[in-house]
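Student: The structure follows.
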Amino acid sequence: MTDHSNTRVVVGMSGGVDSSVVALLLKQQGYDVVGVFMKNWDDTDENGVCTATEDYKDVAKVADKIGIPYYSINFEKEYWDRVFTYFLDEYKKGRTPNPDVICNKEIKFKAFLDYAMDLGADYIATGHYARLQHDEDGTMHLLRGVDSNKDQTYFLSQLDSKTLQKVMFPLGEMVKPDVRKLALNAGLATAKKKDSVGICFIGEKNFKEFLGHYLPATPGKMMTFDGQVKGEHAGLMYYTIGQRRGLGIGGDGEDNEPWFVVGKDLKKNILYVGKGYHNPHLYATHLKASDLHFVTDEDLGNDFHVTAKFRYRQKDSGVTVHFNDDHTEVTVTFDDPVRAITPGQAVVFYNGEECLGSGMIDAAYNDERVLQYV
């Protein structure tokens, strides 16, 4: 058996079951394990309880149980500067950002990685469901997690091979029920803790209320593309393309079909709505994306056919990717039209099991027509 006792792994511990089991597994495998809790947001829930304090208590219980040292590090300034200002800027532009992708790139795998290296780490480890594979020359490839329901490569798609050389994903070969079982058998305090949902590090806040603290809402007209006014919207930032809930207009007429958000006009402050899940205004034939990041330096050529996801947990779609002349932008053409392409979200590229990288969606098109989504 390999002796890992001289290999230090710093585990990003959130107070959840996944990162708890990561620390447990690495400790069982004989690594020199250190737990670190990242506090990235000054947070209290609606009952006035600081959720970060509660999570840190869980980290302490787990670390004490498995016998590892643990620390807390405050990244609030880095999070504000690198993630949250980006998040607000995107909403101001009428887009729907994905802060988790940026949070991983800038905080968990940059600020935290740097901090861990200062602690003498050889590697960092997190509770992400993803796998790594390395070539003989050290190039790292990012692969989907075995648990297809939990695979998190979508959120890791802006990391590069050099960063991943210093990373471990011990849960990549596991499925969630087995992770919980391990935690229960080991008597970990987090074994039955529910998974967190919501924005990276901000948790389960009322999103509308939360966003309203930082950006003034400007109500405006809610109307159809042919000019029928259907009501008033609360502020364009609260709506995303394809959304059904929260519009306050029920189905009407004989068909009684529900209404959906089918467009936005930031300049005129209009929210466009249309009837039917398959409303033609919701379908795009291609998109343009920029802010491109690929995991490896492999030359993919100017055109390549792969699959892509346009949001987390969506089924892959076949696409052809075409680079512009200076490789700063791609046009992604879909094998079949895709519903509710959303500017600000990530388009993530896959070749089979491998996550190749991603870009941020700037605009969606139906043939030559740009869709009015911002």
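The backbone N, Cα and C atoms fix where each Cβ goes, glycine too.
What Swiss-Prot records for this protein is below:
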ACT_SITE  Cys200  active site, cysteine persulfide intermediate
BINDING   Gly12, Met13, Ser14, Gly15, Gly16, Val17, Asp18, Ser19, Met38, Gly127  ATP binding site
DISULFID  Cys103-Cys200  disulfide bond
SITE      His128  site 'Interaction with tRNA'
SITE      Gln345  site 'Interaction with tRNA'
Student: List only the single closest residue to Ser14 (ATP binding site), chosen from the recorded positions Cys103, His128, Gln345 by CA-CA distance.
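Tutor: Closest by Cα: His128.
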Student: Of all the binding-site residues given, Gly12, Gly16, which residue's CB has the most CB neighbours within 10 A?
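Tutor: Within the set of binding-site residues, the most crowded position is Gly12.
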Student: Considering all pairs of residues in Gly12, Met13, Ser14, Gly15, Gly16, Val17, Asp18, Ser19, Met38, Gly127, annotated in the record as contacting ATP, what is the maximal C-alpha distance expressed in whole angstrom?
Tutor: 16
Student: DSSP on Met38 (ATP binding site), three-state: which is it?
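Tutor: Note: Met38 (ATP binding site) is in a strand by DSSP.
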Student: Whole-number Å distance between the CA of Met38 (ATP binding site) and the CA of Cys103 (disulfide bond)?
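Tutor: Between the Cα atoms of Met38 (ATP binding site) and Cys103 (disulfide bond), the distance comes to 12 Å.
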Student: Excluding near sequence neighbours, so keeping only residues 6 or more apart in the same chain, what lies with its CB under 8 A of His128 (site 'Interaction with tRNA')?
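Tutor: For His128 (site 'Interaction with tRNA'), the qualifying residues are Asp18, Gly145, Gln152, Phe155, Leu156, Phe169, Leu171, Gly172.
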Student: Can you give me the Cα-Cα distance between Gly16 (ATP binding site) and Cys103 (disulfide bond) in Å, rounded to a whole number?
Tutor: 18
Student: Does DSSP give Ser14 (ATP binding site) helix, strand or coil?
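Tutor: In three-state terms, Ser14 (ATP binding site) counts as coil.
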Student: State the count of C-beta atoms found within 10 angstroms of the C-beta of Asp18 (ATP binding site), not counting that atom itself.
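Tutor: Around the Cβ of Asp18 (ATP binding site), 25 other Cβ atoms lie within 10 Å.
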Student: Show which residues of the chain containing Gln345 (site 'Interaction with tRNA'), separated from it by at least 6 in sequence, have their CB under 8 Å from its CB.
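Tutor: Long-range Cβ contacts: Thr96, Pro97, Asn98, Phe310, Arg311, Met360, Ile361.
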Student: How many other Cβ atoms sit within 10 Å of the Cβ of Met38 (ATP binding site)?
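Tutor: There are 24 such Cβ atoms around Met38 (ATP binding site).
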Student: Round to the nearest Å and give the CA-to-CA distance linking Cys103 (disulfide bond) with Gly12 (ATP binding site).
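Tutor: Given the Cα positions, Cys103 (disulfide bond) is 13 Å from Gly12 (ATP binding site).
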Student: For Cys103 (disulfide bond), just give me the three-state DSSP call.
Tutor: helix
Student: Count the Cβ atoms, other than its own, that fall within 10 Å of the Cβ of Cys103 (disulfide bond), considering every protein chain shown.
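Tutor: A count of 24.
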